[in-house]
Amino acid sequence: MSGAGGVIETREPMLELDEIHVYYGNIAAVKGLSLTVYPGEIVTLIGSNGAGKSTTLRAISGLLPVRRGTMTFLGRQLNGVPDHEVVRRGIAHSPEGRRIFPRMTVDENLDMGAFLRKDKEAIAADREMILELFPRLRERLDQKAGTMSGGEQQMLAVGRAMMARPQLLLLDEPSMGLAPVLVDVIFETIVRIREQGTTVLLVEQNALAALDVADRAYVLESGSLKLHGPADELAEDPEIVKAYLGG
Amino acid sequence: MAATATSTAVPAAIDRKAVIQRYATHVILLGVAIWLGANLINSPSQFFSAGMVGLNLGMLYALIALGYTLVYGIIELINFAHGDLFMLGALFSGFLLTTVMGQEHAGVLGIVLLLVTIVGTMLFCGGINVALEFVAYRRLRRAPKLAPLITAVGMSFVLQFVGLKWNGSTPKQWPSVLPEGSFGVGKFQVDYSLLVVIAVTVPVLLLLRWVITSTRQGKAMRAVAQDQDAARLMGVSVNRTISFTFLIGGALAGTAGVMYQQVVGTTAYNLGYQLGLIAFVSAVLGGIGNIGGAVLGGLLIGLIQGFNDGLPFGFGQKWSQSVVFAILILLMVFKPEGLLGRPSTEKV
């Protein structure tokens, strides 16, 4: 690991992607992306539709194979770890389109988030913490998740991922299709999740809001890294403003 | 389907179709009720015994139908080899109980050895089912839907020829260890063998319900059935969960195999084709993928068959299959998702 050079941080990186290539069949969706996430950060991945943001998250979670390049998480190689083992390593993923279990209740969905955990008391404490984060979920514990509104389902998807007590939380488009009021709630929650000690890698189309909460940002364009840097600097970069912030 | 087609038609047509849609099921049910009522008044004892026969058949169908529905629920495959797995279960039951353990009579020892046979056959059929999935269906999981379906048909033939070698081409008779005779008041008699079938089937169904609702593996099964990728993200091993589902489905087919071999006392290599098809119909009738639906569908078809074959105003045994399929077709026209199934539009 060469993270100790004159780069941004001298800490050990939590997640390091080194020139990864990810394919859908024969089509390259991510081409040689390198990315580093340090403990305690909120890092955001922005870019237009089809830039490879979700693909990157799916590769980290093991849902898609990485054809070239290496992924390292907490000093251990992440390539080739079976998909269901990734969460055991400490990475939870709240996927694009929420993907909650529609015919399970809210309670059962949260329960699934802690599927691999055996520490009953800590699970109960985390459940309580999540229900405090999202009071709406508490009101709906016995409701079938598929019958809830999009915003409530999004809260459930984030809460369910948190139930794994991850060290790194991958959030894919948590604001998609939500009313502006709810978007604010979701982003406030992301900040609070970080305050509780969870590192966040956030994929967003809503670049403005993402840059507002993030420490650093990576801008993707058709599968490659276009630029990266501190979020507040990127938010003022004229090119970024023009391309992604509708300026 | 029909409802969407009418939306472009004139208002009057919409009304008429909607009315037919809504009341057709009620009319059919009313017709069945009148027919049953007439039979009941005409000959109560015959009605009762036909009902008992139907109940017996129904539990058998329910056990087999569950195997179809569990597998369909998790990988959307209609496992055509499932009926033949049931047939192998019946053969294995006779082999284990009579050939290996030499039990040929009723009695306490008979019941104990019957329980051993049930457990043995459950493991046998569960194991074969897991192996089938591992060898054949797993490789085709990402292939177009037709490929595993054709493979399942092929597997059905493979198992049938194993049965042909094992059982011979002619039906084979087996001694029963179920207690003979019946009890009851006057003409209303219940066979002891039916009691044994109930005493086995009901606990097995309750156990299944408990496994699915309350165990870790059961939760994993439901999660995989609802969203495979999301289940992976929770840390569920999809492969292991699918294997477990085949294990459970196979064990249920094994239980049905023992019941059939003991109650009917005859096995044949092509047993799985007929019973499997009817059990499949039961699963579709109840709403394929729905576990309660498979039990309901199995019991209903069993009862329909029992009443049709045994009632004075019935069509008799030679029309048995025609009646079952006519009912299936009627129901499919008016309720394509099955009795307890979800409308397919919900699944995106």
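For all residues, glycine too, the Cβ spot is worked out from N, Cα and C.
Remember, predicted model here, so these are calculated numbers, not experimental data.
In TrEMBL this protein carries:
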{"type": "TRANSMEM", "residues": "B:23-41", "note": "transmembrane segment"}
{"type": "TRANSMEM", "residues": "B:47-73", "note": "transmembrane segment"}
{"type": "TRANSMEM", "residues": "B:85-102", "note": "transmembrane segment"}
{"type": "TRANSMEM", "residues": "B:108-134", "note": "transmembrane segment"}
{"type": "TRANSMEM", "residues": "B:146-166", "note": "transmembrane segment"}
{"type": "TRANSMEM", "residues": "B:192-212", "note": "transmembrane segment"}
{"type": "TRANSMEM", "residues": "B:242-263", "note": "transmembrane segment"}
{"type": "TRANSMEM", "residues": "B:275-303", "note": "transmembrane segment"}
{"type": "TRANSMEM", "residues": "B:315-334", "note": "transmembrane segment"}
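Tertiary neighbourhood of the transmembrane segment (B:275-303): same-chain residues 51, 54-70, 72-73, 78, 80, 82-84, 86-87, 205, 208-209, 212, 225, 260, 321, 324-325, 327-328, 331-332, 337-342, selected by CB-CB distance under 8 Å and a gap of 6+ residues from either end.
Beyond its flanks by at least six residues, the transmembrane segment (B:242-263) meets 56, 59-60, 63-64, 66-68, 70-71, 74-75, 79, 82, 85-94, 97, 114, 117-118, 121-130, 132-134, 138, 174, 176-178, 193, 196-197, 200-201, 204, 208, 211, 217, 220-221, 224, 271, 275 of its own chain at Cβ-Cβ distances under 8 Å. Same-chain residues lying 6+ beyond the ends of the transmembrane segment (B:47-73) with a Cβ under 8 Å from its Cβ atoms: 36, 39-40, 79, 82-83, 85-86, 129, 187-191, 193-194, 197-198, 201, 204-205, 208, 221, 225, 245-246, 248-250, 252-253, 255-256, 259-260, 263, 275-276, 278-280, 282-283, 286, 288-291, 293-295, 297-307, 309-311, 314. If you count C-beta pairs under 8 angstroms between the transmembrane segment (B:85-102) and each of B:108-134, B:146-166, B:192-212, the highest count goes to B:108-134.
The transmembrane segment (B:23-41) shares more Cβ pairs under 8 Å with B:315-334 than with any other stretch in the list B:108-134, B:146-166, B:315-334.
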